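Asker: I am attaching a structure below and will ask some questions about it afterwards.
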Amino acid sequence: MKLKRYLLVAKPGIIFGNLIAVAGGYFLAARGSVEPMLLLATVIGLSLVVASGCVLNNCIDRDIDRHMERTRGRVTVTGQISLKAALAHGLVLGVAGFGLLWWRTNPLTTALAGFGYFVYVGLYSLWFKRRSQYGTLVGSLSGAMPPVVGYCAVTGQFDAGAASLLAIFCLWQMPHSYAIAIFRLKDYEAAGIPVLPVARGIAVTKIHIVLYILAFMAATLALCLGGYAGYGYLLVAVAVSLWWLAIALTGYWTADDRLWARKLFAFSIVAITALSVMMSIDFQVAPATHLVASLP
């Protein structure tokens, strides 16, 4: 039972979602030439880093979590795990994760994981989530790191493929997160979290959702146009983007915003999972040019 508490505080659902993303980035870069030990180290290392960030986020958010129906049962709120124990748990996970990435991958991969960790814990959790409607945008940078980490673990450099992954996953995060904020609106209002639907209303948020999905659609094409992914990936990318956009547009005449937002959220998971799978299996030879020189 005690072990279960320590598992839950690390948000296993989020860890699993990030596993799919980091694997997608890795396989896209590997192009069929998989090094099992590197893949294992990347997946386990990043999972530990993500788990650490989630634990520290729970520690930071315990004062606002008690006001939200969805989070008031978290072990850091109920006291089933003490603050000191949770902090120690989070720090141990972080040290283990970063240590494994440094040992078995490369400095760039470790630095990217560190950047995502800093953004999530230091910028998003401690400051922007509580004080700004732009918190979601800041948080999207950390949410987009897993596939980039997986990709750069193979290449050791930040090239156009890595930049495309960063754009795709950043842009995906926005409608995904806004959908959650809409169907959990009362929770966010009760906790005083100034997400866009709270700060500017659902009508404005719907406009942002449509615009971000359009931008996401354009970004997904970059992997194919840049020679990183094939036509199978392209077909799936266009299909899921158009379907997601269609769901978003129905929000303008829906009678139930919460139900609509749940549908939008659910399909966002389908969309990003489908893209991660397709980029893993439908890869192409990368172009020789790169945006940024590799790190030693």
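Backbone N, Cα and C define each Cβ position, glycine as well.
Below, the features straight out of Swiss-Prot:
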TRANSMEM  7-27  transmembrane segment
TRANSMEM  36-56  transmembrane segment
TRANSMEM  83-103  transmembrane segment
TRANSMEM  108-128  transmembrane segment
TRANSMEM  134-154  transmembrane segment
TRANSMEM  163-183  transmembrane segment
TRANSMEM  207-227  transmembrane segment
TRANSMEM  229-249  transmembrane segment
TRANSMEM  265-285  transmembrane segment
Asker: Which one of these stretches, 7-27, 36-56, 163-183, 207-227, 229-249, has the most C-beta pairs shorter than 8 Å to the transmembrane segment (265-285)?
Answerer: 229-249
Asker: Would you kindly list the residues that approach the transmembrane segment (36-56) from elsewhere in its chain, counting only those six or more residues past its ends and only Cβ-Cβ distances under 8 Å?
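Answerer: For the transmembrane segment (36-56), the far contacts come to 9-11, 14-15, 18-19, 22-23, 26, 30, 86-87, 89-94, 96-101, 103-105, 109, 113, 116-117, 120-121, 125, 142, 146, 149-150, 153-154.
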Asker: Counting only CB pairs under 8 A, let me know which of 83-103, 108-128, 207-227 has the most with the transmembrane segment (163-183).
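Answerer: Per the Cβ count, the answer is 207-227.
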